[in-house]
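Visitor: Annotations for this protein, taken from TrEMBL, read as follows:
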type	residues	note
TRANSMEM	6-24	transmembrane segment
TRANSMEM	31-48	transmembrane segment
TRANSMEM	54-75	transmembrane segment
TRANSMEM	87-107	transmembrane segment
TRANSMEM	127-147	transmembrane segment
TRANSMEM	159-179	transmembrane segment
TRANSMEM	253-275	transmembrane segment
TRANSMEM	287-306	transmembrane segment
TRANSMEM	326-355	transmembrane segment
TRANSMEM	362-380	transmembrane segment
TRANSMEM	386-407	transmembrane segment
Amino acid sequence: MTPEGKALSNIVILGFGFMLMFTAFQTCGNIEVALVSFPSMSIIYGVFSASNLVAPSVVAVVGPQLSMFFSGLLYSAYIAMFIQPRVWSFYTASVLVGFGAAVLWTAQGNVLAINSTDTTIGRNSGIFWALLQFSLFFGNLYIYLAWQGHDHISEKDRQTVFISLTVISLIGCFLFFLIRKPDPSEPTPSETSEAPLHTESTDMKACKLSVTKEMMLLCLPIMYTGLELTFYSGVYGTCIGAMTRFGHNAKGLIGISGILIGVGEILGGGVFGILNNNRLGRNPVVLLGLLIHYLAFYLIFLNIAPDAPQAPEEGTDLQAYMTPNVGVALFCSFLLGLGDSCFNTQLLSIIGFLYKEDSAPAFAVFKFIQSIMAAIAFSYSNVLQLPWQLLLLVVTGFMGTLSFFLAEWLVVAKRRDSDYDSI
């Protein structure tokens, strides 16, 4: 197999491994609320944020492949905990999976970077993102089909589901062993053998990367992806389920909403991966994502009651500026997923291009910023009314897009200078 073919197969295996792991994890998250009385996302995101400070060192010492495998085992342990949940095991598993998430995503960024070139990083980012987002589709589809109309979940059903999800997650973990070492033109940090010396400088590299001109410009779009991650994964589904004017099946629409978010993510990742055009650059895709999100935010503002995020269990009878429409609500779910894929695929692409030699600390900085903003958004999600949350997304999205444009123009200028130097 050619070096390019080997690298592409590694990206596909990476995507399938994440797809299986997060199909299990996303499904677990969707049914967690129905099974336990204490949420875990705030714990996971809090530990996730802090652990990004040490994740590059772990990846440097252990290597990206083993880092993903052992982190995946922590995800599997978290899912297995629900087979027979206890309070102590729940909190312990939440802390461990938060640490595992930081190492997992840092190692993923490293594998993506070392298996990509300047011309394939955009394609590979899109392929990985599309495969990953199948987890949203499968997880929500299972919940919708298997448990539709069930008011009570028996202990036997719970155990069967979580045993199955644990097995699926473990299969994803072992897939990482199929990833083969690429044939780089020059050694990368993750491949050096002097682990102690490299470990000593890894945290310093992450700190230095965080204050480079390009990374500081990318901070704003990364912050935006953290805010809108919380919105589409937590807030919007809750809002749909709280709308009593959608009928008695409003709660069931949450699963369909998640499926359509996944469809949007898959479509965006696939299109921007297959049709990646280096001549046009990344800016048009990010601009498209912003416009798609603005359309979604406007329709949500018109269609969903302002008090939906704070609505009690029985829901809200209020309406916004139009007669609530289920079709519009679900169309917005698709738009949220499609727009999110525009931002994330291009952020993966530009970070992988800029920091290929220091990909582990660079992606750790990326996830550190994103997870902090997601945690902040979770903290205000049930306090601020929906119009204020949408306004915050509109402003942050606009500033983040402008900032991304500047970072991309710096990349183009560097590439042009490099081309001149090679003449």
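From the backbone N, Cα and C atoms, a Cβ is placed for every residue, glycine too.
Please situate the listed features within the shown structure.
Guide: Away from its own ends, the transmembrane segment (6-24) comes close to residues 68, 72, 75-76, 79, 108, 111-112, 115-116, 120, 124, 127-128, 130-132, 134-135, 138-139, 165-166, 168-169, 171-173, 175-176, 178-180, 182-183 of its chain (Cβ-Cβ under 8 Å, at least six residues beyond either end).
Counting residues 6+ beyond its ends, the transmembrane segment (54-75) has Cβ neighbours under 8 Å at 17, 21, 24-25, 96-97, 99-108, 110-111, 114, 169-170, 172-174, 176-177, 179, 189-190, 195, 198-199, 202-203, 205-206, 360-361, 364, 367 in the same chain.
When Cβ-Cβ distances below 8 Å are used as the criterion, the transmembrane segment (127-147) is approached by residues 8, 11-12, 14-16, 18-27, 30-31, 108, 112, 153, 161, 252, 255-259, 261-263, 265-270, 272-273, 337, 341, 344-345, 348 of the same chain, each at least six residues removed from its ends.
For the transmembrane segment (253-275), same-chain residues at least 6 beyond its ends with a Cβ under 8 Å from one of its own Cβ atoms are 30, 122-141, 143-144, 148, 232-233, 236-238, 240-241, 246, 285, 289, 326, 329-331, 333-342, 345-346.
For the transmembrane segment (287-306), same-chain residues at least 6 beyond its ends with a Cβ under 8 Å from one of its own Cβ atoms are 228, 236, 239-240, 242-243, 245, 268, 316, 318-322, 324-325, 328-329, 331-332, 335-336, 338-343, 346, 385-387, 390, 393-394, 397-398, 401.
For the transmembrane segment (326-355), the residues of the chain that approach it from at least six positions outside its boundaries are 109, 112-113, 116, 118, 121-122, 124-126, 128-130, 133, 136, 209, 214, 218, 221-222, 224-225, 228-229, 231-232, 236, 240, 243, 246-247, 253, 256-258, 260-269, 272-273, 282, 285-286, 288-290, 292-293, 295-296, 299-300, 302-304, 361-363, 366, 400, 404, 407-408, 411, judged by C-beta separation under 8 angstroms.
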Visitor: Counting only CB pairs under 8 A, let me know which of 87-107, 159-179, 386-407 has the most with the transmembrane segment (362-380).
Guide: 87-107
